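For 4-62, the entry in TrEMBL reads domain 'Tudor'. Residues annotated as region 'Disordered' in TrEMBL: 53-114. Look at TrEMBL and you will find 66-75 tagged as compositional bias 'Low complexity'. If you look up TrEMBL, you'll see 76-97 marked as compositional bias 'Basic residues'. The compositional bias 'Basic and acidic residues' annotation in TrEMBL covers 101-112. Residues annotated as transmembrane segment in TrEMBL: 212-231, 251-273, 294-313, 325-344, 455-475, 481-500, 521-542, 562-581.
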């Protein structure tokens, strides 16, 4: 195996990924397994580069020409320079031959072969093909034209002209120039044939407590779901009144498992219907964009029609209340089986398709976080499908079943006001998510996290059976609230929803098209990746205003349950913990990705979620 070429701490020239520009970087570490150097740019950005993308500084420096002599007469003005001193020029009054004149003209047209260290290096690609578009200080252009190229060329024009002058008066022999022409032509051929690739690296920093933490979470998460459901069934659901453990055979019913399979494949059939638009996701590390069909709202309408037909034929949907624990057990078994399938198939996935956070090499950790980033069966994207369809729509169906169960058990002609508020608030949330389905393509779940047990269990079990906890609680513990209280809770939910939706829309529109005239009033900090960090609007108020809106809505969902027990407030407590942890993860990733630009953003926007508090 070849030894490493560059030492830690050495200052070299590194190529920016996806471009042909070289910048001064410092080597910080070397991965012996992946054979990748971790380098740090001047703005603080850290990236992993192959050895072929790194060059020594000496290969970029010009040879000193005699035109840079220390002679005062040479420094003062080019006009006062004596031409007779240059052996490369003919004597005064001596006429050049035609061949010499042609050579001189051709030399003037030759591009400089040794770029200055102060300038980025252009090899063969057009600047419009550069994924980063521009380096620090310039926002990314979303239009596919040569605008960025023209601007960059105008900025570099004075320096390039100086380089041509230095090249013109260089005293190198002609044979050196010919050698350089050959080397340069070889470089052009090599670059034109070999595309730029980004090699996926091993996960160095493990989250969730590493292998031990993820193993414990795989035990604690299912236990928490069953604990909450069993507590809601008790007459006194206080934390100190631990529920009796049910017999294992009472938790499993093959008919219930069949219903779970039927539900999953019914939603999959709706997903495959050729209705709705097809959009592209964010670029992957390879530069490729995956296509996604946006038809979640149509799937919701079809599901509502199917449920309506069942109720018309007097199907007893309220019986779901008596078997909810069995449904949770069946969903957990299905999520576990799906996770095993996802991990086994990920072992055959190419390196560039693995998740950046789930490629540690440790089975437990990769199984939990997800080894493959975007597992697909043909055009069927498993992670994207599970993110919104079976769990989120299933959540609404469970809420409806709880509403019918309340009316059945308590002999009500209409649901209670508390149950109506809980169902209405959460229905609005689900419909909003499905209506704005395209926005999920920019979330951390899609762009960073792999699809493993964490997301499979979360999407298929945690969301439908824990998020419906308030409705499940109200069936056995009815709570009466007055109309003024209901109006106040509704106003609180509307405030949270407004913050949540407007902040997300602002972010998604800016990510999709920063040049949109509707966003002209927004200010942002440019980054080395070409993206901007918003510092006005909601994102100048706190760093995660969407999380703030989410937490306010979560509180509004719990308030209709009253204050007799803390159990219905589990959701808002858990959600605060979840979003604070996710914010910390996002903070860590953004600091690595954006470097000094992120530090400037944090100085500009000091509060993370809660203004003047956190």
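Even glycines carry a Cβ here, placed using N, Cα and C.
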Look at every Cβ pair spanning the transmembrane segment (455-475) and the transmembrane segment (294-313), keep those 6 or more apart in sequence, and say whether at least 3 of them are under 8 Å.
no
Intrachain residues whose Cβ lies under 8 Å of the transmembrane segment (251-273), provided they are six or more past its termini
293, 295, 298-299, 302-303, 306, 323, 325-327, 329-331, 333-334, 380, 385, 389-390, 393-394, 460
Any contact between the transmembrane segment (325-344) and the transmembrane segment (521-542), i.e. 3 or more CB pairs below 8 Å with pairs at least 6 residues apart?
no
Cβ contacts under 8 Å made by the transmembrane segment (212-231) with residues that lie 6+ beyond its boundaries
237, 241, 243, 246, 324-325, 328-329, 332, 364-365, 367-369, 453-454, 457, 461-462, 465-466, 469, 472, 567, 570
Suppose you look only at the domain 'Tudor' (4-62); what would the mean pLDDT be?
80
With DSSP as the yardstick, break the domain 'Tudor' (4-62) down into helix, strand and coil residue counts.
7 helix, 28 strand, 24 coil
